[in-house]
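Q: Provided herewith is a single structure, encoded as structure tokens, for subsequent inquiry.
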Amino acid sequence: LYFWLFLGIYLAALLGNALIIMAIACDHRLHTPMYYFLLNLSLLDLGSISTTIPKAMANSLWDTRGISFQGCVAQLFLFSFFLGAEFSLLTVMAYDRYIAICKPLHYGILMGSRACVHVAAAAWASGFLNALLHTASTFSLPLCQGNYLDQFFCEIPHILKLSCSDSYLREVWLLLVSVCLVFGCFVFIVVSYVEIFRAVLRIPSEQGQHKTFSTYLPHLAMVFLFISTGMFAYLKPPSVSSHVLDLVVAVLYSVVPPAVNPLIYSMRNQELLHSM
């Protein structure tokens, strides 16, 4: 059951994100900042879901539960990298839409081609730094409480449960700092969308208002699902932990967004749909 469920989600994510990447890369009309960031988001989604799902599918199909220590390190590093970069990129995308709608006269200056490349590179670099810090901190701990992770991929909270040293508090504090940064990004995203909605409400056209709200509300809902479930997974106390709850939360922040983002970001976008 896990295999077929994960296979369906994985194929949907591969198809949707690959179509977006090819459409943006091949259609010169889509070579704008908004689509450039969307292409980067699709690349990150493909990377994050490909880090966890194929191994989980293989384990389900062959009825095994094994992963090597090196494989676990690589999986945690790559997943942290893609996750951290996606948080940063979603913040950049919200800022891009805020400038485009609320300050259109400054858009060409603030979001020129060079600026777009720089902020996208900064998002990828922040993901790399996040992954490097968390991976080094997590696997520098002595792990002596067995070798069983009650999860379908190597997740930091479950690895910390295997530690037998008080030095795991160092990684806990690092996680708290990261969560605070993510929460700051989330607040920035919400404020940006609130300003967008306020600007749209001043538009006399009801059709324009309806189109904007139907486009950006799903974006905001998916960002909220992604960030809230991710924060809950890393901050929840051990007393509320259970296999089913951990599995559902992990799927909601690591599997659902990469599969649903292509639909959310192309649903009301006629330019992108025509290019596909």
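Cβ coordinates come from backbone N, Cα and C, glycine included.
Caution: TrEMBL annotation is automatic and unverified by curators.
Just lifted these from TrEMBL, have a look:
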TRANSMEM  6-26  transmembrane segment
DOMAIN    16-265  domain 'G-protein coupled receptors family 1 profile'
TRANSMEM  33-53  transmembrane segment
TRANSMEM  73-95  transmembrane segment
TRANSMEM  115-133  transmembrane segment
TRANSMEM  172-194  transmembrane segment
TRANSMEM  215-235  transmembrane segment
TRANSMEM  247-267  transmembrane segment
Q: For the transmembrane segment (172-194), find every same-chain residue at least 6 residues outside the stretch whose CB is under 8 Å from a CB in it, and list them.
A: 84, 87-88, 90-91, 94-95, 97-98, 130, 133-134, 137, 156, 160, 216, 219-220, 223-224, 227, 230-231, 234-235
Q: Tell me if the transmembrane segment (6-26) touches the transmembrane segment (73-95). I count contact as 3 or more CB pairs below 8 A, with pairs 6 or more residues apart.
A: no
Q: Could you give the residue numbers and ranges of same-chain residues that sit at least 6 residues beyond the transmembrane segment (6-26) on either side and whose C-beta is under 8 angstroms from one of its C-beta atoms?
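A: Non-local partners: 35-36, 38-39, 42-43, 45-46, 49, 53-54, 56-57, 60, 255-256, 258-259, 261-263, 265-266, 272, 275-276.
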Q: Would you mind listing the long-range same-chain contacts of the transmembrane segment (215-235), meaning Cβ under 8 Å and 6+ residues beyond its ends?
A: 83, 86-87, 90, 94, 97, 155-157, 175, 178-179, 182-183, 185-186, 189-190, 193, 196-197, 246, 249-250, 252-253, 256-257, 260-261, 264-265, 267-269
